[in-house]
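**Q** Feature table excerpt (Swiss-Prot):
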- Cys24-Cys370: disulfide bond (DISULFID)
- Cys60-Cys146: disulfide bond (DISULFID)
- Cys145-Cys153: disulfide bond (DISULFID)
- Cys388-Cys497: disulfide bond (DISULFID)
- Cys511-Cys705: disulfide bond (DISULFID)
- Cys526-Cys573: disulfide bond (DISULFID)
- Cys625-Cys655: disulfide bond (DISULFID)
- Asn231: N-linked glycosylation site (CARBOHYD)
- Asn294: N-linked glycosylation site (CARBOHYD)
- Asn458: N-linked glycosylation site (CARBOHYD)
- Asn473: N-linked glycosylation site (CARBOHYD)
- Asn539: N-linked glycosylation site (CARBOHYD)
- Asn631: N-linked glycosylation site (CARBOHYD)
- 1-20: signal peptide (SIGNAL)
- 21-725: topological domain 'Extracellular' (TOPO_DOM)
- 750-781: topological domain 'Cytoplasmic' (TOPO_DOM)
- 726-749: transmembrane segment (TRANSMEM)
Amino acid sequence: MLVLMLVVATTFRLCPLVKARPLCRIRTLRTGKVFPVEEKIQGDRLYFSSGKTHLIKHPCKKNLALYLGRQIFLTKDTFESSLIPFSIPTSMQVGTPEVTSAHFAGSVLLLVVNQKVYVYDYEANFWTASTGIQHPVSHVSGDNCCYSGNSFCMDISNSVFAYLRGDQVSQANIYFSNSRGYRFQKYTQERRAELVGTFGGIFSFHSLSQVGLLLVDEQMAMFSYSDHPLNRSFGLPFDYDRALDILIAPGQKGILIFWSEKNLLVSRNSGQLVESVQVREGQRILYNSIVKANVTIHSVAANENELAVLTEENNLYYGSLGIQSSSLIKFADQNIWSQEAVLMFTDVGMLEILTPLRDVLFPAFDFQKCRLNIQALLMDPQLQAGVCKVELLQGEFENKMYTIDMNSQLELTALMIPRPGMLPVPLVSVSNPHSLGLQAVICEDGYTYDGNTKHRLNISLKQQHHWGRADPNFTSSIKRPTISTITLDIANKEISCVDLKPLTALISVGCDLEKKIVIQNELSACYHGVLDPVALQDNYSYIIEREAYDPNFQGQQAKKDLEVHYPYEKLGCPLLAYYDIPWKPVVELWREGKFQEVVEAEYVLLEMNGLFTYTYSLTASTAGCSAQPQNWTTITKMAGDTAPFSWDRENYISCHDPNYHEPLRWPDVPYQILGGQTENKVVFDQRNGIYIFFISIVDPSYSYCRLETTFSVYVYGAFPLSIFPPEITIVLLTAATLLSIWLAYMIPQLLHTEQGLEGNGFWVRLYQRCRKSCACLWGRC
C-alpha cells in the first residue's frame, strides 16, 4: 500500500513537469564580433523616458523596427544582428537626449528628443530638425499606408501631428505636417475653444476620415471628431485613471489599443466605443477586464489581427482583434519576463520575446529571441481553444486598394468553405459606414472534392449617400473625399483560427485617376474639307484681331493682333460649327480607354486665347436661376492672374441651389454654365476662325476628379462685316431703287418734248464725233 501511494504521489508530481513544456525556443543573435574593441558611439546616446519598454515596427517594411528602453536600437533586419545603441549627432545640440515619442513616417523616423522633433532618414543616414514648431512638444502621431504608388496612400504616410500632452485642450499647441515631419504648421480646428478637459492627444483616423482629439476630464476620456457627422457629438467616455499609451494597429481598420501597467482597452471604430479586453478560458469568461486579473502589464504588441500582452508576473496573454469583440487567453506561466523584454510579431501567428543583452567586450548589444508558434501552442487541450469552423476564406480583393468615384459601384467576391457539419456566419463590415455602404449576398457555389459545400459571397459597395437607406444626418458630406476599409471575417471565430486571417481591402471614396473626358469629334473641319490636316501640322498659325480678344479675359479689346500657333499634336483637327446655329460640345466620359457615358453634368467653357466673340443662349433669368449665377469674370478676379482657369467643382455654386442666397441683381447677364438641367448653348458672333476652348466639369456631384481638357472648334459660314452700318446701307439701296424707277418713267416722257428732241440731237452728234475721232486714232481717217 505504501508503495502504491508513493507511485501515485510521484505521478502527481511529475504531471506538471511534463505539461510545462517550454513556450518558446530561445536563441541569441551575435554577429560581427571577432576581436574586442573599445566602445565608441558617435553622438549622444538616446534613451526612452518611460519605465516600460516599447517596440515600434514599420507596418510596411517588416524588417524595420525601433526598440525603446534604457537603450534605443534601430534595426533593419528585425534584430537578427548585434547593434550599437542608437544615438543622435552632437551637432544637433539636443541637450538631454531623452526620447518621449517616436513614429515611422514613410521613409523617415521621427523622434521627439527633449521636447523637439527630429527627422532621421534611415536610408540616407541623415539627421535634421523639423521646422515650424514654436512650442515644446512631447508626442508625434501618424499612420502609414502600404499600397505603394497611390497618391492618396502617400498622403496618409506624409501626415503627422506633433503636440504636448497635458495642456488644456482649448489652449493646446498642436502642429500638423504633410511632409513626413520635415515642416510643421499650426493646426486649427473649429469649436476647439469650446472643448473642456485636458488634452490627451490627437490622431488621424484615416479609416474614418476624421481627426480625433482625446479629451481627459475627471478620470474619464472621450474623443472629439473634426468633421460631419461626428463633429456634433463625442465618442462614448471610458476610464482613464492614469495616462494610457495608444497604439494604432496597422491596416487602417480603425483599431486602437489603450494600455497602461494596470489596464488594457480596445476600440474597433477609431475611439467611438472603447471596451475592456476580456480574459477567457475556453468559452468561459474569467475576467471582464484584465484589471481584475491583478497583473502588471509590461509590453503590448499587435499586428493587423492579433494582440499579445507580457506581464511582470511572467504571464503571456494572446488574443485576436476580432470583428465583434476582443479577448485574451493566458498561456502557461514560465520565466519569460525581464525588465528589458519586449514583444514583437514577426508574422501571422509568430511572436517573439526580444531582450537586448549587453556585451562587456563590445559596444554592440546582442539580442535574445524567444520565438513562439501560436498555432502550435493553441493545440494544447488545456487551453480549450476549440476547432476552427472554417477551412478556407479567400477573396481576390485581399490586401488591395480600390477607388469608388461618385455614382460608381464596386463588386467584390469571396469564397468560404466551412468544416463538414459546421455553419459559420460570415460578417462584412466597413470602418466608415458614414461614407461607404454595402450589400452582401451569400449563396452555395458547388462542392469540393471532399464533399464540402462552397459558399460564394457577393459584396456590392457604393457611397452610403447613393444607397438611399441612411439618414442625411448619418452620412458624411458627399463633396468630401473619404476612405474606408472593408473587412470580411467570421462571426464568433475561434481563437484557434490563427491562420484564417480576415480579408481586408482599402477603399478610397474619391477621384478615380483612370477617368478622363473626351470631346466627341466625329464631324471635324478636316473631314468636310474646310481645313487641310497637312497644313495644320506644318507649323500652322493664325491671327486673332485685336478687337476680338482680351489677354486678361475681361472682355476688353487688346492693343494689338495676336498670332497663335495651332498645337495640332495636342488638339488634332478642330470640330466644325456653323456660326448662326447655337452649339454645345458632346462631352464623353472614358475610363481605362473605354467609353463610359455621355456627360450630362454641368460644365463651363473658356476660350484660352481670350476670344470673347461668343455668348450664351440663356440668361440668368431664362435659365431659372434663383440667385445670381457665377461667371468667368468673378471667378478670374477671385483667383487672380496666376490661375485664370480655376473654375472647378471645388468653387462652383449652382444658382439653383436653395442654400445659395446671392441676390439675383442682374437677371439679363449671360448664363455661362452648360449641361445639367438647362438647354443652354454657345452662340457665336459673325466671325469665322478657330476657337481653342478649356472645358471643366464643375458639377460637385458628378466626380471627385477635376475633369478638364482642351479642344478646338472651327466656326464657319459668317460673311465679312460691312464697312457701313446696315441701317445706312438699307437707306441708300432704297433711295437708289426709287431713283431708278423715277428715271425709267421720266426719261421716255421728256424725249417727246422740244427740249427732249434737242437733247437727243446733242447726244447723236456727240456720238458721231466720238466715232470719227476713234477712227482717226486707228489710222482710218
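Glycine is treated like the rest: Cβ placed from N, Cα and C.
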**Q** Give the number of CB atoms, excluding that of Cys153 (disulfide bond) itself, located within 10 Å of its CB.
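**A** Result for Cys153 (disulfide bond): 21 other Cβ atoms within 10 Å.
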**Q** Measure from the Cα of Asn231 (N-linked glycosylation site) to the Cα of every one of the recorded positions Cys370, Cys497, Cys511, Cys526, Asn539, then give the nearest.
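**A** Of all the candidates listed, Cys511 is nearest in space.
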**Q** Going by C-alpha distance, which of the recorded positions Cys388, Cys511, Cys573, Asn631 is nearest to Cys60 (disulfide bond)?
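**A** With Cα distances computed to Cys60 (disulfide bond), the winner among Cys388, Cys511, Cys573, Asn631 is Cys511.
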**Q** From the disulfide-bonded residues Cys146, Cys625, Cys705, pick the residue whose C-alpha lies nearest to the C-alpha of Cys388 (disulfide bond).
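**A** Ranked by Cα distance from Cys388 (disulfide bond), first place goes to Cys146.
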**Q** Roughly how many Å lie between the Cα atoms of Asn458 (N-linked glycosylation site) and Asn294 (N-linked glycosylation site), rounded to a whole value?
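**A** If we compare the Cα positions of Asn458 (N-linked glycosylation site) and Asn294 (N-linked glycosylation site), the gap is 46 Å.
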**Q** What Cα-Cα separation, expressed in whole Å, is found between Cys497 (disulfide bond) and Cys24 (disulfide bond)?
**A** 20
**Q** How big is the gap, in Å, between the Cα of Cys24 (disulfide bond) and that of Cys145 (disulfide bond), rounded to a whole number?
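**A** Cys24 (disulfide bond) and Cys145 (disulfide bond) have their Cα atoms 32 Å apart.
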**Q** Rounded to a whole angstrom, what is the C-alpha distance between Cys146 (disulfide bond) and Cys153 (disulfide bond)?
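**A** Cα of Cys146 (disulfide bond) to Cα of Cys153 (disulfide bond) measures 7 Å after rounding.
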**Q** Taking DSSP as the reference, which of helix, strand or coil describes Asn231 (N-linked glycosylation site)?
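**A** Assignment for Asn231 (N-linked glycosylation site) reads helix.
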**Q** Going by C-alpha positions, which of the recorded positions (Cys153, Cys511, Asn539, Asn631, Cys655) is nearest Cys370 (disulfide bond)?
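**A** Ranked by Cα distance from Cys370 (disulfide bond), first place goes to Cys153.
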